[in-house]
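I have placed the structure first, in the form of structure tokens, so that the comments after it can refer back to it.
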Amino acid sequence: MIETYNQPVPRSAATGPPVSMKIFMYLLTVFLITQMIGSALFAVYLHRRLDKIEDERNLHEDFVFMKTIQRCNTGERSLSLLNCEEIKSQFEGFVKDIMLNKEEKKKENSFEMQKGDQNPQIAAHVISEASSKTTSVLQWAEKGYYTMSNNLVTLENGKQLTVKRQGLYYIYAQVTFCSNREASSQAPFIASLCLKPPNRFERILLRAANTHSSAKPCGQQSIHLGGIFELQPGASVFVNVTDPSQVSHGTGFTSFGLLKL
């Protein structure tokens with residue numbers, strides 16, 4: 001008996017999607033992306049177009065309103081008296097609002113200008129004068145890097161700064177001196193910032209002292225004075241020292257000034 005053997009048919013290997021399906025999916029993806037981009041562009045265009053239409057509509061309404069006012073003034077019979085009176089009252093209200101806004105702006109500007117006039121900047125900075133070696137009250141000059149903001153502060157007789165407006169002032173002074181005295185005279189060098197109120201006696205506001213130096217030929221030392229004080233119109237301030245012959249008058253050594261706060 002002859003037995004026959006049939007080999008099993010091998011299963012076909014799994015294949016991917018057909019090429020037509022890949023092309024379809026690719027086209028569908030491109031279509032969706034294009035549609036999204038187109039929708040976004042259309043939305044932007046529509047938004048801008050609506051804004052433009054809104055502006056044109058507002059402009060048209062303004063034109064119609066002005067045209068109606070013109071027709072009311074010419075007395076055309078196509079408009080009733082009631083409509084004309086109402087339109088005129090609206091127009092007058094608009095004009096009044098505009099004029100009020102202009103007046104308020106003018107008042108604000110005027111107030112700012114008056115405020116600037118009422119509170120001008122007052123400042124002074126003067127430099128020491130070498131001729132003050134013979135008097136205890138230091139003398140000053142408007143030279144070098146000096147400041148004299150306006151006529152509300154003046155340098156009187158080269159010795160004192162006089163203010164013409166009441167207020168708080170920051171007053172300062174720097175005195176540089178050369179102390180090379182003999183050992184027999186060891187009194188400290190004293191600088192005083194003094195005030196002379198109008199019709200009153202002068203008084204000392206600030207005072208500072210520094211000991212002498214034995215350095216040869218000269219040991220430079222500086223004294224700084226500064227403070228905030230209330231000054232009346234016509235008040236004067238000046239600087240007094242115990243030994244003016246020791247004061248250094250070089251550039252930037254000795255100065256004096258004030259500033260209205």
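Keep in mind that glycine also has a Cβ here, set from the backbone N, Cα and C atoms.
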CYS218 forms a disulfide with which residue in Swiss-Prot, given the options CYS84, CYS178?
CYS178
ASN240 (N-linked glycosylation site) and CYS178 (disulfide bond), distance between Cα atoms, whole Å:
16
Find, for the listed disulfide-bonded residues CYS178, CYS218, the residue with the lowest Cβ contact count at a 10 Å cut-off, counting only other Cβ atoms.
CYS218
For the domain 'THD' (122-261), the number of residues DSSP places in helix, strand and coil:
8 helix, 72 strand, 60 coil
Provide the number of Cβ atoms within 10 Å of the Cβ of ASN240 (N-linked glycosylation site), excluding the reference atom itself.
19
